[in-house]
Structures are given as structure tokens and as C-alpha cells.
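J.: Sharing the feature lines straight out of TrEMBL:
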type	residues	note
BINDING	Gly13, Gly15, Lys16, Thr17, Thr18, Arg109, Lys148	ATP binding site
REGION	33-56	region 'NMPbind'
REGION	108-118	region 'LID'
Amino acid sequence: MLLPNILLTGTPGVGKTTLGKELASGSGLKYINVGDLAQEGQLYDGYDEEYDCPILDEDRVVDELENQMSKGGVIVDYHGCDFFPEHWFHIVFVLQADNSVLYKRLETRGYNEKKLKDNIQCEIFQVLYEEALASYKEEIVHQLPSNKPEDPEDNINQILKWIEQWVKDHSS
Ligand code: DAT
């Protein structure tokens, strides 16, 4: 059976991991967190002192994922989306959280002042939504609210319906 590939993107802290893991268990698709994948394989290209984090080696990440993506049935989670091959994804979800909600979540993570401010600005200016629209066909890019504890369940129900329809449309 053919299964679609799904991209979950958005500012750090919007709830991609929470949604991605629950969606994987509800759908049977495989969840891949690009941050974790990079850490496991040390897929880095230097260190960003300002943001206090390693710099992702995007080419090596793409090479690492290519095989699985070509088979289908993968949920990819990352706070960036312009370096993945466009043809990988059948649908793209950009999660969004209100600034006050996001601020609290990032504060809990212990982000430094600059990282906090920049991520909140990233959300205010819808940077990831713009990046998704610039990287994928507009009709496959959707925004999802991610503020309240009940949001993941609502989002998952919608996505499960979409997966079911996609599978029907691609079986024969
Ligand atoms: P991301 O993977 O986008 O960085 P996350 O899934 O790790 O985000 O979530 C960040 C924090 O927010 C984590 O403590 C779980 C919480 N969270 C995620 N989605 C939520 C929601 N819809 N309502 C309330 N809290 C949520």
C-alpha cells in the first residue's frame, strides 16, 4: 500500500513533536525528528555560537532520509523546510501558537534572551509559513493551531481523514 509523506514544520515550541508522535501512533506512519536524527548521526557542519547550537548539515540530512522518503509513509518534523526536496511531501502542516503561549513554552526550555526573542519574532512574522509557501505548492500547505491541550487531537483527526482519502485515491 502506498502511504503519503507528511511534513510538520513551525517555530520551535509550537508542538511539532507532540503532534508528530501522536499522529504516528494513530496512523502507523513513521515519525522522524530531524533534530534527533542529526544528533544521532552527528549530521552537523560547525557550531553557531550566537544561538548556542550546532549547525545542521542539510545535504547529509537529505542523503540520510532519501531512501525512507522514497518508500513513503513518513512524518518529518523540523523547524525549517526549504532544504528538503519538494517532491518528498504530499502535504505540509505549519503549526502555530499564540505568542504568549509560545513564550511560556520556550522560557520553560531555558532558551537565552536572544534565542527567545528571535523565536517569538519568527512566529509573529510567520517565517515558517512563508518558507513553506515559497518551498511547496500553496495548495498542499496548511496552518494548524497548536495552543490548547485539545488541539493535537483535533488536528490528528483531520489529518487521519486526509490520510485515509489519500490512500483511497492512490490505490488501484
Ligand atoms: P516542537 O516540537 O515544535 O518544538 P513540542 O511538541 O516539543 O514542540 O512542544 C513544546 C511544549 O509545548 C511541550 O512541553 C509540549 C507543549 N505542547 C505542545 N503542543 C501543545 C498544545 N497543543 N497545548 C498545550 N501544550 C502543548
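Numbering starts at 1 and runs along the chain as it is shown here.
Cβ coordinates come from backbone N, Cα and C, glycine included.
Are these features on the surface or tucked inside, and what touches them?
T.: When other Cβ atoms within 10 Å of the Cβ of Gly15 (ATP binding site) are tallied across all protein chains shown, the result is 23.
Remote same-chain residues near the region 'NMPbind' (33-56) are listed as 17, 20, 64-65, 76-80, 112, 114-115, 118 (criterion: CB distance under 8 Å, separation of at least six residues from the stretch ends).
Residues 13, 50-52 of the same chain lie 6 or more positions beyond the ends of the region 'LID' (108-118) yet place their CB under 8 Å from a CB of it.
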J.: When you measure from each Cβ to the nearest atom of ligand 1, which of the binding-site residues Gly13, Gly15, Lys16, Arg109 fall under 6 angstroms?
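T.: Only Gly13, Gly15, Lys16 qualify.
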J.: Which residues in the same chain, at least 6 apart in sequence, have a Cβ under 8 Å from the Cβ of Gly13 (ATP binding site)?
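T.: Same-chain residues close to Gly13 (ATP binding site) (Cβ under 8 Å, separated by 6 or more) are Ala97, Leu102, Arg105, Leu106, Arg109, Asn119.
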J.: Where does the mean pLDDT land for the region 'LID' (108-118)?
T.: 93
J.: Counting all other Cβ atoms within 10 Å across every protein chain shown, which of the binding-site residues Lys16, Arg109, Lys148 scores highest?
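T.: The most densely surrounded of these binding-site residues is Lys16.
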J.: With helix taken as DSSP H, G or I, strand as E or B and everything else coil, how many residues of the region 'NMPbind' (33-56) land in each class?
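T.: In the region 'NMPbind' (33-56), the DSSP-based counts are 8 helix, 10 strand, 6 coil.
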J.: Residue counts in helix (H, G, I), strand (E, B) and coil for the region 'LID' (108-118), per DSSP?
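T.: Secondary-structure breakdown of the region 'LID' (108-118): 7 helix, 0 strand, 4 coil.
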